[in-house]
Every structure is written in structure tokens, then in C-alpha cells.
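Under the heading [4Fe-4S] cluster 1 binding site, TrEMBL lists 23, 59, 97. Summarising the annotation, TrEMBL assigns [4Fe-4S] cluster 2 binding site to 173, 177, 180. Positions annotated as domain 'MTTase N-terminal' by TrEMBL: 14-134. The annotation domain 'Radical SAM core' is assigned in TrEMBL to 159-392. TrEMBL lists 395-457 with the feature domain 'TRAM'.
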Ligand code: SAH
Ligand code: SF4
Ligand code: F3S
């Protein structure tokens with residue numbers, strides 16, 4: 001029986017599986033790829049088995065991240081063969097930063113790949129898919145097109161998945177830290193126009209989003225064109241976003257210490273929606289190593305910057321990235337890193353062993369590469385110190401009442417999971433209707449990576465208030 005005009009369209013539905021590696025920018029990009037492919041009949045699915053298209057959105061930042069792609073491509077090849085044996089076709093694509101860095105080489109190593117395309121080209125997916133499906137050889141697209149993908153992506157995209165969303169405002173990097181591939185894989189710094197960002201934020205909020213994380217490889221280098229024709233900094237953009245009704249929380253990541261300007265520092269003390277948590281990578285505490293990394297600041301510059309931030313916002317929790325075993329790093333340099341960590345006190349942080357990346361200046365520092373065993377030992381030491389700081393920070397939460405935005409269901413029956421203002425995961429027994437809501441939670445448990453507590457109901461809030469009055473009386 002014919003079911004009317006929609007029938008033909010339904011019959012054409014195809015399954016799209018996207019696997020995302022790397023940073024939040026890739027998470028954002030994967031969602032936008034799904035938006036672009038939606039009108040071509042592709043619907044997201046959460047398994048590669050039997051999918052009509054598989055996209056690996058890849059990360060090139062460290063060797064291990066890159067190598068994962070090839071082992072995954074091996075597994076995908078079997079699924080692709082199975083699909084072909086059933087008379088179907090699975091289009092396989094490699095996107096993201098490995099695609100940008102390695103281009104056609106990927107197809108030489110993995111000839112079953114149909115498309116390789118870089119992070120700046122996915123608005124061109126409809127043409128690329130048509131060419132790939134026609135089967136006239138693979139498609140490789142690692143251009144940095146003159147047009148911005150942001151101007152060409154579909155405006156009405158899929159509904160956001162939950163109450164917390166990412167919004168890319170800046171992309172690319174002109175800093176050229178000597179260890180890093182990002183300036184090569186993402187290209188030079190680009191900021192989206194303010195009006196475009198505000199429109200996307202309003203659309204997200206109209207779909208129930210309460211928290212937006214502004215993304216950029218150097219997000220605080222943002223200098224998008226404002227409605228007044230002038231370049232707006234990130235602080236000004238945040239103030240404009242804070243005026244959107246219903247947007248309760250604003251965050252931004254990742255920042256560079258050199259781009260922390262006065263206005264942005266001031267926003268931390270004056271915009272209540274701007275969360276008191278900042279990821280501000282410092283990489284090392286040694287001035288010698290910072291110079292060799294081309295970070296263009298010293299350990300003391302970083303300390304002074306943190307002082308200024310804490311003066312504006314005493315409640316600020318800090319996070320950072322550290323690299324151990326950068327070429328030429330001595331025991332003394334490493335001790336300087338531990339000292340900086342001790343001086344600052346981080347709420348959480350990421351640390352990595354230095355990984356020599358092809359094409360970056362630090363990779364060519366022959367004879368200066370640090371022994372793998374030493375890198376390992378230093379990584380252990382740095383992680384031990386950072387973990388201790390994280391546990392201590394989490395423990396200061398016990399007895400406090402925190403606002404938690406519930407955004408996931410927990411593993412246990414009746415459990416909801418959310419994030420505190422300081423990015424901690426908080427586990428709570430709570431009714432499902434509170435999903436997507438900001439709720440006050442009294443914290444009773446603190447662990448290495450999370451907190452637990454119970455919802456403060458209207459009644460207990462009154463009780464707590466009257467207790468507070470009694471105490472003060
Ligand atoms: N734009 C951000 C970081 C981007 S990459 C910044 O400027 O800080 C994320 C983190 O990966 C970096 O902060 C760094 O700590 C780590 N990283 C980058 N390249 C690396 C490499 N070659 N080896 C080990 N870690 C690396
Ligand atoms: Fe990489 Fe440095 Fe740019 Fe960060 S600032 S993306 S570490 S080059
Ligand atoms: Fe990785 Fe590219 Fe992000 S290299 S960290 S996916 S910018």
C-alpha cells in the first residue's frame with residue numbers, strides 16, 4: 001500500500017556512523033557533518049555494523065591517537081566486506097586532523113577508504129559523497145577553501161542532544177608551539193562573526209540548552225566581527241551571550257595564557273553565567289622549556305596571570321595541560337614544572353608524554369629527545385601530584401550545596417549524573433523529571449573523579465535556611 005509522498009523518501013534512508021577522536025572541536029564537527037548529510041538521507045546510528053557510511057573523525061595530536069585510526073580502519077574493512085557480500089555498499093571516510101595531515105597517504109595504507117577530507121571542507125560533503133558513490137576512485141580533499149564552512153553549513157541543524165552544548169567560535173592557530181600539529185591541521189586563526197555565534201546560541205537555547213561551551217583551538221584569541229563592524233574580543237562576546245534568556249552557564253576552551261586580556265579577566269568577576277572553571281594550559285614550569293616550546297611566556301608570567309584571575313574571581317578552579325619529556329628537558333626543568341603545579345594548585349589537569357610529530361620543529365631536535373623511560377617516570381610523578389590536588393579539591397566540596405546541571409542517566413537505577421560549576425561529575429539519586437534541569441545538590445561524597453550527594457528539595461532548603469539563621473543568631 002502506498003503511504004503518500006513521504007514513502008519514497010523513507011525508503012531512501014541510509015545509516016551513518018561517525019566515530020569521533022580528539023578534542024571537543026571534533027565532537028562539534030561530527031555533529032555538523034551529520035547535519036550536512038541529513039538532507040541526503042543519512043541518519044545517525046550508533047554502530048558501524050551494516051552502516052551505509054562510516055566516518056572516522058580523527059586526531060593527529062600524538063602518535064597513539066593517529067595510530068588508532070589505522071587499527072579501526074582494519075576492523076571497518078571486515079564490516080565493509082560483509083556489507084558487500086550482502087549486495088550493499090559501505091562508504092568509508094577519514095575526516096579530521098589525520099586526514100588533513102596525511103591526505104592521500106591514507107588511501108595507500110588503507111585502499112578501502114573512499115573519502116579523505118580535512119576539517120575545513122566538510123560543508124562540501126554532498127559533492128564529495130556523490131563523487132565517492134559514483135565510484136570513480138577515491139576522493140581526497142585537504143584544501144583550505146577561501147569560503148568559510150561556517151557560512152555554508154545548514155542553519156537549521158539537528159536538535160542538540162542534551163542541556164549542555166558546544167559552539168565553535170574560533171578555529172585554527174597561529175601560535176606554532178614547536179611540538180604541535182594544530183597550526184598545520186587546522187590552519188590559521190579564524191573567528192566567526194558575532195551575529196552568527198549569537199544566532200546559533202539562541203537556537204540552542206530555544207531547544208532547551210542551558211549551558212554552552214565556546215570552542216576554539218585558541219578560543220581567547222577570538223576577534224570576530226561585531227554588529228558594529230569592530231572586532232569583538234571573547235570577553236565582549238561572553239557579555240552578549242549572557243543576555244540570552246535561559247542560558248544559565250557559559251564556558252570556553254581552550255585558551256592560551258598570552259591571549260587572556262583584561263576584559264576577559266574582568267568578565268570572570270562580573271558575568272555570573274561565566275562558570276568559575278578555566279582550562280588554561282601551561283605545558284611546563286621551566287622557562288627554558290617554555291622558550292624552546294615557543295610559548296612566549298615564563299612560569300612567573302603564568303603565576304601572575306593566575307593571581308590576576310583569582311583577584312577578580314576568588315572562586316576560580318583551574319585546569320591545565322602538561323607535557324613531560326619535551327626535547328632537552330632536564331631533571332631541573334621537570335622540578336620547575338612540579339613547583340609550578342604546587343604553587344598554583346589545580347582542580348584537575350591533563351598530562352601527556354611528549355610525542356614527536358612529523359613536520360613540527362621539536363621533532364627534529366636530534367640528540368635532544370628524552371629517553372622513553374624518563375618521560376614515563378616524569379609522567380607518573382606529574383600525574384601523582386595532579387591527582388592528589390584533584391582529590392583535595394573535590395574534598396573541599398563536602399558539605400557544600402552546588403548547582404548541578406543533570407545531563408546524563410547514571411549506571412544505577414534512578415541515578416542522574418550532572419556537572420557542577422567546576423566541571424566535576426556529580427552522581428545523585430533523583431527523579432527522571434529533573435533531567436536537563438539545574439538542581440541544588442548537597443554534596444556528601446568526594447572521590448578522585450566525581451562527587452555524590454542528594455537533591456536539596458524546597459523543604460530542606462527552608463530547613464537549611466532556618467538552621468543558618470539559628471547558627472548566626
Ligand atoms: N590549543 C591548546 C591545546 C591544543 S592540543 C593550547 O594551546 O594549549 C591539547 C594538548 O595536547 C596540548 O595542550 C598539549 O599539552 C598536548 N600536546 C600537543 N602536542 C603534543 C605532543 N606533540 N606531544 C604531547 N602532547 C602534546
Ligand atoms: Fe598547539 Fe600551541 Fe596552537 Fe595550542 S597554541 S593549538 S599547543 S600550537
Ligand atoms: Fe586532535 Fe585536531 Fe583536536 S589534532 S586535538 S582533533 S585539533
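For all residues, glycine too, the Cβ spot is worked out from N, Cα and C.
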Quiz prompt | In sequence order, those binding-site residues of 23, 173, 177, 180 whose CB lies under 6 Å from ligand 3 | solution = 23
Quiz prompt | Listed binding-site residues adjacent to ligand 2, that is, members of 97, 173, 177, 180 whose C-beta is under 6 A away | solution = 173, 177, 180
Quiz item: Residues near the [4Fe-4S] cluster 1 site, 23, 59, 97 excluded, by Cβ within 8 Å of the Cβ center?
Solution: 21, 22, 25, 26, 58, 60, 61, 65, 96, 182, 185
Quiz item: Which whole-number value in Å describes the distance between the Cα atoms of residue 177 ([4Fe-4S] cluster 2 binding site) and residue 59 ([4Fe-4S] cluster 1 binding site)?
Solution: 17
Quiz item: Residues near the [4Fe-4S] cluster 2 site, 173, 177, 180 excluded, by Cβ within 8 Å of the Cβ center?
Solution: 175, 176, 179, 181, 182, 183, 217
Self-check item: Listed binding-site residues adjacent to ligand 1, that is, members of 59, 97, 180 whose C-beta is under 6 A away
Solution: 180
Quiz item: Which whole-number value in Å describes the distance between the Cα atoms of residue 23 ([4Fe-4S] cluster 1 binding site) and residue 180 ([4Fe-4S] cluster 2 binding site)?
Solution: 14
Quiz item: Rounded to the nearest angstrom, how far is the Cα of residue 97 ([4Fe-4S] cluster 1 binding site) from the Cα of residue 180 ([4Fe-4S] cluster 2 binding site)?
Solution: 12
Self-check item: Under 8 Å by Cβ from residue 59 ([4Fe-4S] cluster 1 binding site), counting only residues of that chain that are 6 or more apart
Solution: 21, 22, 23, 26, 65, 66, 96, 97, 98
Quiz item: Least buried of the binding-site residues 23, 97, going by other Cβ atoms within 10 Å?
Solution: 23
Exercise. Tally the residues of the domain 'MTTase N-terminal' (14-134) by DSSP class, grouping H, G and I as helix, E and B as strand, and everything else as coil.
Key: 65 helix, 24 strand, 32 coil
